[in-house]
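Q: Provided herewith is a single structure, encoded as structure tokens, for subsequent inquiry.
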Amino acid sequence: MGTSVAVCLVFIGCCSNVVFLELLVREFPGSGNIITFTQFLFIALEGLIFESNFGRKKPAIPIRNYVFMVTMFFAVSVINNYSLNFNIAMPLHMIFRSGSLIANMILGIIILKKRYSPSKYLSIGLISFGIFICTIMSAKQVNMASEGSEDQGVHAFMHWLVGIAMLTFALLMSARMGIFQETLYKEYGKHSKEALFYNGFLLLFSDIYNHGVLFSQTTPVAVPVVGLSVPIMWLYLLGNTITQYVCIRGVFILTTECTSLTVTLVVTLRKFLSLIFSILYFQNPFTTWHWVGTAVVFLGTLLYTEVWNSVRAALGRPDAKEKKAA
């Protein structure tokens, strides 16, 4: 499966996934664990049947490496979802996670001893500045939304800071996982479906069970083909799980075709499409300064891709052919 197909999977799957995720967390903000559990269970069952042949197929990459990667992947998924319990609005959640380019570059310099061009450092600086603007404005919104005594306002702000700390930790761990995958593929070859399967196991049974009960108590909706009525939150969860699988499958295919920094770039661009949709469709609060920060992040992303050079080269090709013909 080629790079272009993988990119399509990422954009279609991940953007649709954000819609279902927001529908879930708007109704039950603490549902992060059951969301993560269902996603991992679906991936594990699919991989058990089609990839590992019910455990009979020996993995190409040693299991000990997958244990390390599964731990990171599980932690990133749970922490990102659980951070929504700490006054983190969905748009800020998406903008902040767009800082994965920064985390990836920093860890690439430290761990892989990579060096980048001045334009790359400038693009990362712009992305960092844009995220900083959006974070500061979201902090002000938290303070303004806090009603009651000064102690309650401080508590709400500290609660929000915990969410920011969780997002920061998940950002760094996600970047570390990307670099780890890149080094594994260089050593053992590219095995995206196998990697996707072994990134699939879970915990936190009590919280998952409680939210399963809550989901079952929501408004039932008739499913046309099956002819059954299913609680609406279970349908949202099914949609979230399938689209997350499509998204992750696309990302894992990309990791076998491109470097971790390029994969991060594609995911970052996808997040901005999701962000715009979230703001417009769900009418999430978004100030002028949020738009300024978003524009700066997007500008930094475009600068990183060197899109201007690509456009210039594309426009210059016809001229070159004319000169040769003359």
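From the backbone N, Cα and C atoms, a Cβ is placed for every residue, glycine too.
So TrEMBL lists these for the protein:
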type	residues	note
TRANSMEM	31-51	transmembrane segment
TRANSMEM	63-82	transmembrane segment
TRANSMEM	94-112	transmembrane segment
TRANSMEM	124-142	transmembrane segment
TRANSMEM	154-175	transmembrane segment
TRANSMEM	196-215	transmembrane segment
TRANSMEM	221-239	transmembrane segment
TRANSMEM	251-282	transmembrane segment
TRANSMEM	288-307	transmembrane segment
Q: Examine the transmembrane segment (288-307) against the transmembrane segment (63-82) and state whether at least 3 Cβ pairs sit under 8 A, considering only residue pairs 6 or more apart.
A: no
Q: Any chance you could find the range in 63-82, 124-142, 221-239 with the most Cβ pairs under 8 Å to the transmembrane segment (154-175)?
A: 63-82
Q: With Cβ-Cβ distances below 8 Å as the criterion, list the same-chain residues six or more beyond the ends of the transmembrane segment (124-142) that contact it, or say none.
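A: Cβ under 8 Å, 6 or more out: 87, 89, 91-92, 95-96, 98-99, 101-102, 105, 156-157, 160, 164, 285, 287, 289-290, 292-301, 303-304.
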Q: Please report, as numbers and ranges, the same-chain residues at least 6 past the borders of the transmembrane segment (221-239) whose CB is under 8 Å from any CB of it.
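A: Sequence-remote neighbours of the transmembrane segment (221-239) are 16, 19-20, 23-24, 27-28, 34-35, 38, 214-215.
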